[in-house]
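What TrEMBL says about this one:
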| type | residues | note |
| --- | --- | --- |
| SIGNAL | 1-31 | signal peptide |
| DOMAIN | 70-201 | domain 'Cytochrome c' |
| BINDING | 92, 95, 96 | heme c 1 binding site |
| DOMAIN | 221-345 | domain 'Cytochrome c' |
| BINDING | 236, 239, 240 | heme c 2 binding site |
């Protein structure tokens, strides 16, 4: 039997929720030494995970690659420079476009000479908070990730040696590398500069963040109900936990294979562990409305399709994650869950195209 809430009753409940959020989430906004915000915990089916909340105020930055303005500006130029590729046309931004959530709106990305990749380009938003990079986690840092696509034959198709040689002949880059690093153009500092820029690409201050910090009007009633589902019946928080809405782990959801390509084994390609076959990294959900299509192969065009898929218990797969089960969400609950996901979209990252060196 359902009980109707009066408007006054609902307002009172929302006020109580926001007051609780204020006391718990304000504490989470202070960064811990690891760069991650401390927060509460949530337990579902005996599994305990970090609660969701606002990002820490400090962005994790390695002591070996501290950020400062000149390095970030150099990294930004390199990020948008097609000369990192063999045909001088494919830049980092070609597949991680700031106009489309620093991701690629195509199902899978197109690289040099029209080559089609097998995976959807993940967003650069908040990659500074990732423990590992790429869908399969093969890169241990943003610095390692930054130079990976350069020598990938279907992405940029260039050699690291040729990139260093090409950029070393450009006066503007010669001057900046010497000013920033005190060296000639080299691969490690190229990676350091790009990573420094990528660490500035942060999605935050979403409607959820404002709500969590005590503004009860920041999210509408549907999104508030969706928040409750996210942390409960819908089980989303089991994987999308913490301040960046990811556990930084790898899971097999049974996502359908797209296209004629061979089966993508995901994390297994790195670890060779049987349990990792078909497992992919949990992506952040921050600014998720900007980064469609979804999943490692762009299998789903909308958030509604994703919710429908997971509501059915994912796809058939012998390595299916134990966290993935039929959810039995009603149509209204699915609508509320999507409303909450939309409330995770942060403020636009301020952006201006750099002038490339000559």
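Just so you know, glycine gets a Cβ as well, placed from its N, Cα and C.
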Reported mean pLDDT - the domain 'Cytochrome c' (221-345): 96
DSSP-derived class (H/G/I helix, E/B strand, else coil) of residue 236 (heme c 2 binding site): helix
Number of helical, extended and coil residues in the domain 'Cytochrome c' (70-201), per DSSP: 67 helix, 6 strand, 59 coil
Rounded Cα-Cα span from residue 240 (heme c 2 binding site) to residue 92 (heme c 1 binding site), Å: 26
Shell of the heme c 1 site beyond 92, 95, 96, same chain only (C-beta within 8 angstroms of their C-beta centre): 79, 91, 93, 94, 97, 102, 104, 121, 124, 149
Secondary structure content, the domain 'Cytochrome c' (221-345) (per DSSP, counts of residues): 44 helix, 8 strand, 73 coil
Residue 240 (heme c 2 binding site): tally of other CB atoms within 10 A of its CB: 22
Neighbour tally for residue 96 (heme c 1 binding site), based on other Cβ positions within 10 Å of its Cβ: 23
Of 92, 95, 236, 239 (the binding-site residues), the residue whose Cβ has the fewest other Cβ atoms within 10 Å: 239
Residue 96 (heme c 1 binding site) to residue 240 (heme c 2 binding site) - Cα separation in whole Å: 22
Residue 95 (heme c 1 binding site) and residue 236 (heme c 2 binding site), distance between Cα atoms, whole Å: 28
C-alpha spacing of residue 95 (heme c 1 binding site) relative to residue 240 (heme c 2 binding site), in angstrom: 24
